[in-house]
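Asks: Below is a structure I'd like to ask you about.
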Ligand code: SF4
Ligand code: SF4
């Protein structure tokens with residue numbers, strides 16, 4: 001049977017060698033660096049000052065702006081610094097440094113409100129209550145974009161949402177964090193999806209999973225058969241998709257599963273859909289049921305530059321260095337560090353940066369795996385066009401970007417580029433198309 005998918009895309013080597021490694025809890029860090037900007041939107045203001053004692057789960061930064069996400073202390077201890085520090089995105093960001101104490105106190109958001117407010121269920125909550133809990137817990141999309149989840153859960157009144165699409169594709173090579181979550185947190189994932197449906201008014205949930213994760217598909221189907229979803233009159237289903245990059249891109253996922261096309265510069269809610277990553281769904285369950293804020297996430301630590309690759313549950317703010325040490329350290333030929341996968345990840349200059357909410361993977365490649373090719377002139381082969389999942393003309397966009405011709409760049413749909421890197425991957429002339437396109441988009445943002 002032909003599996004559902006989208007047009008074009010690529011089939012890179014997947015290298016998902018950590019797929020059978022269960023999630024382990026990372027060692028409790030001595031100190032953490034919590035950036036006040038870990039999400040799309042406004043930077044948080046600090047709610048603490050140097051010298052303050054904080055406890056695990058305490059909110060330490062927030063913003064009055066709607067598009068933002070609160071940050072919380074991931075360990076108990078004392079605030080020793082609030083200053084700009086290097087962030088994995090490559091710039092310095094105002095951050096709160098906490099030196100750990102041995103206290104085991106944990107703040108749960110509802111602990112002051114009485115026991116009756118704990119252990120909330122989907123049935124016992126209104127959509128607005130779900131949104132408020134998600135907002136207070138500082139939950140963002142854990143698939144990489146780190147978009148504040150409460151914003152996604154608040155569609156405008158004129159946009160009717162009928163379907164929640166749970167994104168279990170994890171199409172980036174090397175990363176296995178979401179695959180492990182689907183296997184190990186199946187029930188919590190489904191509860192989270194039902195909560196998202198209730199918050200948005202959707203009547204059904206579809207879970208999209210690539211066919212290289214058969215065990216996850218089976219496990220999800222088994223768990224769905226065991227449960228009754230009272231808030232989903234149109235049910236919950238798993239949709240197996242062809243393994244192809246970038247199947248996990250929101251627009252590709254919606255096209256493959258529902259055959260709906262998100263309009264140019266539009267959002268999934270324009271076609272009645274909210275997309276939520278599997279890890280985000282679990283975080284929503286933990287926030288609602290257990291009163292937990294987002295202070296930990298699952299990270300894959302992998303690549304031939306890592307001695308003992310692992311999937312770890314890591315406290316936000318733990319340094320990459322501490323995490324890599326728990327994985328046996330770097331190999332002698334470790335060469336390039338990336339946060340995220342090889343296609344869309346962010347290169348790192350140092351391991352002295354903190355794990356943030358968007359850190360799905362710490363990938364360390366050896367020198368032999370990193371190609372630093374010479375760039376040649378375009379040979380007009382059209383491969384980039386044939387593989388672009390957004391049906392753009394990457395070669396033309398790259399030329400406009402390179403010549404600072406931003407009006408033509410926009411005219412030819414440059415803003416629709418999802419920065420997947422397929423064009424660069426297939427280009428025989430080794431032209432860094434996606435890099436140039438990203439720079440043009442950045443320039444346009446600055447100009448506006
Ligand atoms: S132009 Fe953008 S969307 Fe198209 S292949 Fe390149 S990076 Fe992907
Ligand atoms: S793939 Fe590279 S060489 Fe071929 S048309 Fe595109 S930019 Fe030119």
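Cβ coordinates come from backbone N, Cα and C, glycine included.
Because the structure is a prediction, the values reported are computed rather than measured.
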Asks: Which residue of 417, 420, 427 does TrEMBL report at the same [4Fe-4S] cluster 1 site as 378, 381, 384?
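Replies: For [4Fe-4S] cluster 1, TrEMBL names 378, 381, 384; of 417, 420, 427, the listed one is 427.
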Asks: Just to be sure I read the record right: 417, 420, 423 are listed as binding [4Fe-4S] cluster 2 in TrEMBL. Which of 361, 388 is listed for the same site?
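Replies: TrEMBL lists 417, 420, 423 binding [4Fe-4S] cluster 2, and from 361, 388 it also lists 388.
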Asks: By a Cβ-Cβ criterion of under 8 Å, what residues six or more beyond either terminus of the domain '4Fe-4S ferredoxin-type' (408-437) are in contact with it?
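Replies: Distant contacts of the domain '4Fe-4S ferredoxin-type' (408-437): 8-10, 12, 245-246, 249, 251, 264-265, 343-344, 373-379, 381, 383-384, 386-390, 392-398, 400-402, 444.
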Asks: Please report the number of other Cβ atoms within 10 Å of the Cβ of residue 388 ([4Fe-4S] cluster 2 binding site).
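Replies: The answer is 25.
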Asks: Averaged over the domain '4Fe-4S ferredoxin-type' (366-398), what pLDDT does the predicted model reach?
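Replies: Mean model confidence (pLDDT) across the domain '4Fe-4S ferredoxin-type' (366-398) is 92.
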Asks: When the Cα of residue 417 ([4Fe-4S] cluster 2 binding site) is compared with the Cα of each of the binding-site residues 378, 381, 384, 427, which one is closest?
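Replies: Smallest Cα separation from residue 417 ([4Fe-4S] cluster 2 binding site) among 378, 381, 384, 427: 384.
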Asks: What other residues of this chain sit with their CB within 8 A of the center of the CB atoms of 378, 381, 384, 427, the recorded [4Fe-4S] cluster 1 site?
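Replies: Filtered neighbour residues, in order: 379, 380, 382, 383, 394, 395, 423, 426, 428, 429, 431, 433.
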Asks: Using Cα coordinates, what distance in whole Å links residue 420 ([4Fe-4S] cluster 2 binding site) and residue 384 ([4Fe-4S] cluster 1 binding site)?
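Replies: Cα of residue 420 ([4Fe-4S] cluster 2 binding site) to Cα of residue 384 ([4Fe-4S] cluster 1 binding site) measures 12 Å after rounding.
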